[in-house]
Amino acid sequence: MFHNKILTHFNNLFNWDLRYALPYIGNSVFRLYSEEGSMEDTCTVNPLQPHTLTSCGFNSSNPLIVITHGWSVDGMMEGWVLRLAKVLKTSLGHANVVITDWLTLAHQHYPIAAQNTRTVGQDIAYLLQTLQENFQFPAKKVHLIGYSLGAHISGFAGSSLGGSEKIGRITGLDPAGPLFEGMSSTDRLSPDDAEFVDAIHTFTHERMGLSVGIKQAVAHYDFYPNGGAFQPGCDFQSLYQHITEYGLMGKQTVKCAHERSVHLFIDSLLNKDKQSMAYRCSDNSAFDKGVCLDCRKNRCNTLGYDIKRVRSGRSKKLFLKTRSQMPYKRMCLCLPFQPKHHQDMQNFCPKRIDFSLRHCALKQKLKRPTVLNKTYTFLITLDRDIGELMLLRFHWEGLALWTNMWNRVQTIIPWSSAGNKPLLTVGKISVKAGETQESLECEKEDLLHLQQFGSDPFVILERTSCLENQRQHKKEMHSL
């Protein structure tokens, strides 16, 4: 690929093996964050002068978190850096929070800034080596958080660190794509760079052969909110207008969706009671079909700071849906539905199916005709927790033929067809909550008969009826 050739050219110009040459010359500024909250109130730490760590208030008993920004268009420190530092400090209580200031090297043409990432990674590695040698500070207590190019810097810091002990954790916030997509694991962030690596991908939408955020998996757990390509609340029309005027890497072009990764991580610290859950899936298309809400064998995990650290040989891709603003959490439900038979109709062909749970309207437009005896699974997302699954209301809107024949027909599941003439027979209707793994499922050997009762077509599943049906079914099976 073209961008791979560019990076190879830069690698040939600069000999990476010279990174351990002495004397060490630092290219980055390390600022220990204090609770005062401004960049001017940070204390500069010099790895060449270990006493500056003590004078700045570094506490070797507490863990260390290093925040590293990305490419800079204007040479100014972006506001999210201090906000993340403050949230980490206040949420975690006892922690050393250090900001890597590499603005001098970041405020360059993008290819040059990308080239500088390995140099900055070596600076961080040197700081960590200083901590090990002077404070016996273990690498496992270090958490590197890097945004965009900063994610790859964090990876280079991990791979440059000498000794057998690895950094405890690296979090990549939408790792940069250009000049890193498709590269080998040694030339970008990878799972090999720390004991545990997680990444959040929020702007992988490709344009002109490039995506701002890297598409490929680069961690033990790679999260793709809303598929990773783009994010709700980020206006595509404004985006393309800005690309036309300022180019792909213009500041406002990438800010909304690219920076959403940062705010999702901050959200995980601020809203502990609203943690976003993600689920392993082959791709976003499969996730949108509602077939991946399974938490067995570590198939789901929490996005953000409180992720469950489970190492694995291969990168795992996880998907989730979020809101357009904080708190970003959305609940995911999967809803399988299996029509079996419809009286006097060769095909049951609703063009839209609506569901409701405790007055939450869940509309699902069908993209293709419904085929009998086939199970359809829908992914339903909610902005709020609806509590225990107790009742499901099922409503269909048919095609013109259906509407003419059965205008405003209401049906209800009786669990017995005695005395009533069934209109539709259903093999299964159920609903499962991804976060709690709780399910409300009604399934029976002699099927569910939906009957005519009034003015609107709907079906109701109630937990008491379903549980009674399940108990009766087990009793019948036991008597055999």
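Numbering starts at 1 and runs along the chain as it is shown here.
Using the three backbone atoms N, Cα and C, a Cβ is placed for every residue, glycine included.
What TrEMBL records for this protein:
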type: ACT_SITE; residues: S148; note: active site, nucleophile
type: ACT_SITE; residues: D174; note: active site, charge relay system
type: ACT_SITE; residues: H258; note: active site, charge relay system
type: BINDING; residues: R188, D193; note: Ca(2+) binding site
type: DOMAIN; residues: 27-328; note: domain 'Lipase'
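Positions of the features from TrEMBL, shown on the structure.
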| residue | record | CB count, 10 Å |
| --- | --- | --- |
| S148 | active site, nucleophile | 29 |
| D174 | active site, charge relay system | 30 |
| R188 | Ca(2+) binding site | 25 |
| D193 | Ca(2+) binding site | 27 |
| H258 | active site, charge relay system | 23 |
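Across the fold, the C-alpha of H258 (active site, charge relay system) and the C-alpha of the residue listed as 'active site, nucleophile' stand 8 Å from each other. Across the domain 'Lipase' (27-328), mean pLDDT in this model comes to 93. In the three-state DSSP classification, H258 (active site, charge relay system) falls within a helix. In the three-state DSSP reading, D193 (Ca(2+) binding site) counts as helix. Using a 10 angstroms CA-CA radius around the residue listed as 'active site, nucleophile', the recorded positions that qualify from D174, R188, D193 are D174.
For the pair D174 (active site, charge relay system) and R188 (Ca(2+) binding site), the Cα-Cα distance reads 13 Å.
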